[in-house]
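Under the heading anthranilate 1 binding site, Swiss-Prot lists Gly102, Asn133, citing sequence analysis as support. The 5-phospho-alpha-D-ribose 1-diphosphate binding site annotation in Swiss-Prot covers Gly102, 105-106, Ser110, 112-115, 130-138, Ser142, and the record cites sequence analysis as its basis. Taken from Swiss-Prot, the feature Mg(2+) 1 binding site covers Ser114, Glu247. Swiss-Prot lists Arg188 with the feature anthranilate 2 binding site. The Mg(2+) 2 binding site feature in Swiss-Prot is assigned to Asp246, Glu247; the stated evidence is sequence analysis.
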Amino acid sequence: MQLSSTKPSSKTREPSTAQDIVTMQNILEKLYRAESISRQESQALFGAIIRGELEASQLAAALISMKVRGEHPDEIAGAATALLADAQPFPRPDYLFADIVGTGGDGTNSINISTASAFVAASCGLKIAKHGNRSVSSRSGSSDLLSAFGIKLDMSAQDSRQALDDLGVCFLFAPQYHLGFRHAMPVRQQLKTRTVFNVLGPLVNPARPPLALIGVYSPELVRPIAETLKVLGYQRAAVVHGGGMDEVAIHAPTQVAELNNGEIETYELTHRDFGLDTYSLSALQGGTPEENRDILASLLQGKGERAHAAAVAANVALLLRLFGQENLRQNAQQALEVIHSGQAYQRVIALSARG
């Protein structure tokens, strides 16, 4: 489906033709009857949403109807496809690269594990194009933290690609690439509940990575999001939830759904699988962006808390597996060695210097 390239106006606009109106009404009626809609119908619906073509009441009803019934992977994939089609362009690399990202919304207020993991993974030789936004549940989201480090959030797509080439890591700020999200924001704020938009962020990286490690805020989402990644054509990915966190956990078992060349395997991981000690969730508590900056600066220079290093090592270990390094214990040890060397912090400094 060809999505309009016209910039959305500040006011709600009606679909352009009578046929569009009938089709959209049919889609909405199916949702009101608690029926699933197809990937194509979902793509049409979310295309209309990000162009500002739905009334607030229609948008609210559609989102709540999907939430109460439970979103189907095809519906989530259709929504992601619409958002990616509307995204600002990014020069996609032809080499293997990944995203490591969480939905947020887990309410744990932990340190920025996935952001730290991106820099450590790059220092392990991987290429990471991290998609992120401001905080959802914690006091400091990935964008908040990077700003505290002096890293430029509105770096151009070309400059971000150059950073990915040179440093092995770049950060793509969601609002810079997904302008249509703003049409849904007032309704989302009024609803004050999670909707499909809460899980779309990790699925709409404008760089379109073939690999991804995605954390979700609920164990019930692990398998459906893996199914969605399959529909979207990811080569290899892992969806995780660990003990209330949208990360690989070291304080509790982690539920994993791993996609590998079209096949999905579900399994459980504990700290023992990585050869790591266990630590309590309270040991991973974060704070303000400035406090988290200081915590991660110490960690990435090799001077941080053991619990923080272990948490990052576990996530990097699973990310390394997605690139074909299958031994999680060896991967975790490699990550710890990189953390203790201070190499990862040099990448933070180098990325900040490009601002």
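From the backbone N, Cα and C atoms, a Cβ is placed for every residue, glycine too.
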Spatial neighbours of Gly102 (anthranilate 1 binding site) among the binding-site residues Ser110, Ser114, Arg188, Asp246, Glu247 [C-alpha, 10 Å]: Ser114, Asp246, Glu247
Collapsed DSSP category at Glu247 (Mg(2+) 1 binding site): coil
DSSP three-state assignment for the residue listed as 'anthranilate 2 binding site': helix
Spatial neighbours of Glu247 (Mg(2+) 1 binding site), counting only the binding-site residues Ser114, His131, Asn133, Arg188 and Cα distances within 10 Å: Ser114
For Ser110 (5-phospho-alpha-D-ribose 1-diphosphate binding site): DSSP state (helix, strand, coil): strand
Closest of Asn133, Arg188, Asp246 to Ser114 (5-phospho-alpha-D-ribose 1-diphosphate binding site), Cα positions, binding-site residues only: Asp246
Packing count at Ser114 (5-phospho-alpha-D-ribose 1-diphosphate binding site) (other Cβ atoms within 10 Å of its Cβ): 27
Residue pair the residue listed as 'anthranilate 2 binding site', His131 (5-phospho-alpha-D-ribose 1-diphosphate binding site) - Cα distance, angstrom, rounded: 21
Residue pair Asp246 (Mg(2+) 2 binding site), Ser110 (5-phospho-alpha-D-ribose 1-diphosphate binding site) - Cα distance, angstrom, rounded: 10
Protein Cβ atoms within 10 Å of Asn133 (anthranilate 1 binding site), excluding its own: 19
